[in-house]
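The structure appears right after this line, and notes come after that.
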Amino acid sequence: MSNPVDAKAPGGGGDAAEVEKAPAHAHVDHSADLDEKAKIAEYKAGAIEAENAELNMGVLEAVRLYPMATFWAFVMSSTIIMESYCVFLMGAFVAMDQFKKEYGVVDKYGERQIESSWQSALQASGPLGAIIGVCIAGPITSRIGYRWATILGLMLLNAFIFVFYFAKSLPIMFLSQILEGVPWGIFIANAPAYCSEIVPIKLRAPATQMLQMFWAIGAIIVGGVCYVYEGRLDPTAYRIPIALQWMFPTPLAILLFIAPESPWWLVRKGRLEEAAVAVRRLGRASVLTNPDESVAMMRRTIELEKTEEEPSYLELFRGTDTYRTLIVCGVYAAQNLTGNLIANQAVYFFRQAGIDSNTAFALGLITSALQTVFVMLSWILTTYLGRRTIYVWGSLINVCFLVALGIAGSVGKSNAASLAQASLGLIVSVGFTLGPAPASWVIIGETSAIRLRPLTTGIGRGAYYVVNIPCIFLATYMLNSTGVDLGGRCGYVWGATGFVCFLAAWIWLPEMKGRSYREIDILFKRRVPARKWKSTVVDINDDE
């Protein structure tokens with residue numbers, strides 16, 4: 001029978017076993033720590049290598065090395081055509097003679113017009129639905145990814161177009177636009193985030209600015225269609241343009257079904273192998289970097305923001321994320337206050353300036369074509385001059401033209417005054433797409449934290465619609481002959497709001513040109529003042 005005291009005594013069997021196990025256990029822990037440190041060092045070295053490769057890459061080299069990333073950004077950006085098409089379609093309908101004949105009233109000049117209240121309601125209905133869309137887009141996208149959330153929106157849009165096409169009254173058209181607005185909100189929330197995540201640093205500006213280009217393309221399609229059908233004296237004048245909306249959703253859904261998911265979203269979900277596959281499909285494998293290093297770079301950035309909580313809207317207003325959220329919301333909201341509504345109602349503005357119907361629709365088409373060209377020019381300016389520079393000073397230039405428009409509208413009614421107002425309205429609409437509009441998409445895509453990006457872009461677009469809806473009513477009331485009929489004098493109002501936006505941007509908008517997402521995170525966390533971002537250096541080894 002063994003003695004329990006002996007078993008516990010120094011040198012006894014029990015203690016000997018413990019002595020033998022202890023060093024072995026300690027040795028295993030030490031090796032594991034070394035292995036873990038080696039893995040961390042290796043992964044960080046790969047992350048640094050990938051980030052340096054992107055920072056040192058030229059624009060043309062980035063296009064050559066990442067052709068599929070550019071293509072899929074192009075595809076996702078094209079979803080914006082649907083919102084643009086319908087926004088400009090409603091603006092064209094209120095200027096269309098057949099539409100006014102069926103749904104309008106006689107104004108003080110003896111001409112038929114859509115009542116200003118209904119005109120505003122029809123143009124505000126889409127944004128009302130889009131508010132719902134952007135609110136649900138963030139949580140849905142965070143859960144199922146950019147691709148599937150966007151495909152869901154495209155299928156919903158296919159169904160809702162039926163309501164618009166068969167509508168026989170203004171109230172049903174109003175309802176149809178609210179329904180169509182829901183998928184618009186999903187598209188507009190997801191597109192800038194997805195585009196900014198799948199391309200390298202040097203392509204973020206042109207990839208996100210394609211959104212503005214497709215907005216202009218949607219307007220071109222509307223302008224061309226309405227120019228052709230405007231002269232018809234039956235309901236097909238506006239029914240055919242409505243039906244043509246079905247051109248877009250199904251082909252885009254098929255393309256997005258075969259598109260890669262954002263590797264940043266996959267890394268956020270811990271699906272590292274799938275992220276590496278997505279990186280390969282985007283064309284990131286090259287002599288400069290490889291998929292594993294790119295994934296390591298994403299992991300490094302995401303771990304700076306790591307938290308145990310699921311992303312939530314409340315988190316957008318904590319700490320430095322509040323500043324980031326306010327920038328996105330402010331830039332989005334300012335689009336309504338710096339000339340955008342004149343661009344969206346270009347045809348109607350030309351009609352109210354005294355231009356005949358055919359000429360007004362032709363000018364609207366020319367305006368949209370020029371906008372497309374100027375967006376392409378803005379790719380060069382934003383890539384090489386910077387986001388802040390183009391946005392801030394472009395806003396100020398637009399303010400000057402808006403004030404000039406107000407002056408032209410104040411000199412009395414004459415053929416020369418009408419032509420001056422039409423010309424300045426065209427310049428404002430086109431100038432907006434050279435500076436503030438395309439630069440804002442880049443800023444929106446770059447500013448938000450990676451893990452909060454779907455939520456931030458969603459709530460930012462929500463801020464756009466919250467400002468957009470009352471501005472639509474105000475713009476219509478200022479232009480419509482059943483309202484105050486200001487004509488070009490509305491330039492004073494938009495010039496004043498535009499100047500406030502210019503001042504806010506000059507004070508608070510940082511320059512993010514050439515910055516990796518890691519550097520942007522660090523600069524926000526260090527609370528570097530906006531006007532000092534350009535001169536602040538962030539070491540490649542810094543993680544905080």
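The backbone N, Cα and C atoms fix where each Cβ goes, and this holds for glycine too.
Per TrEMBL, the features are:
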{"type": "REGION", "residues": "1-31", "note": "region 'Disordered'"}
{"type": "COMPBIAS", "residues": "18-31", "note": "compositional bias 'Basic and acidic residues'"}
{"type": "TRANSMEM", "residues": "71-96", "note": "transmembrane segment"}
{"type": "DOMAIN", "residues": "72-513", "note": "domain 'Major facilitator superfamily (MFS) profile'"}
{"type": "TRANSMEM", "residues": "146-167", "note": "transmembrane segment"}
{"type": "TRANSMEM", "residues": "213-230", "note": "transmembrane segment"}
{"type": "TRANSMEM", "residues": "360-381", "note": "transmembrane segment"}
{"type": "TRANSMEM", "residues": "390-411", "note": "transmembrane segment"}
{"type": "TRANSMEM", "residues": "423-443", "note": "transmembrane segment"}
{"type": "TRANSMEM", "residues": "463-479", "note": "transmembrane segment"}
{"type": "TRANSMEM", "residues": "491-509", "note": "transmembrane segment"}
Across the domain 'Major facilitator superfamily (MFS) profile' (72-513), the model's average pLDDT, rounded to a whole number, is 84
Below 8 angstroms Cβ to Cβ, which residues of this chain, lying six or more residues outside the transmembrane segment (213-230), approach it? 77-85, 87-89, 92, 96-98, 236-238, 240-241, 244, 347, 357-358, 361-362, 364-365, 367-369, 371-372, 375-376, 433, 437-438
Could you give the residue numbers and ranges of same-chain residues that sit at least 6 residues beyond the transmembrane segment (360-381) on either side and whose C-beta is under 8 angstroms from one of its C-beta atoms? 88, 92, 95, 205-206, 209, 212-213, 215-217, 219-220, 222-224, 226-227, 230, 343, 346-347, 350-351, 390, 422, 426, 429-431, 433-435, 437-439
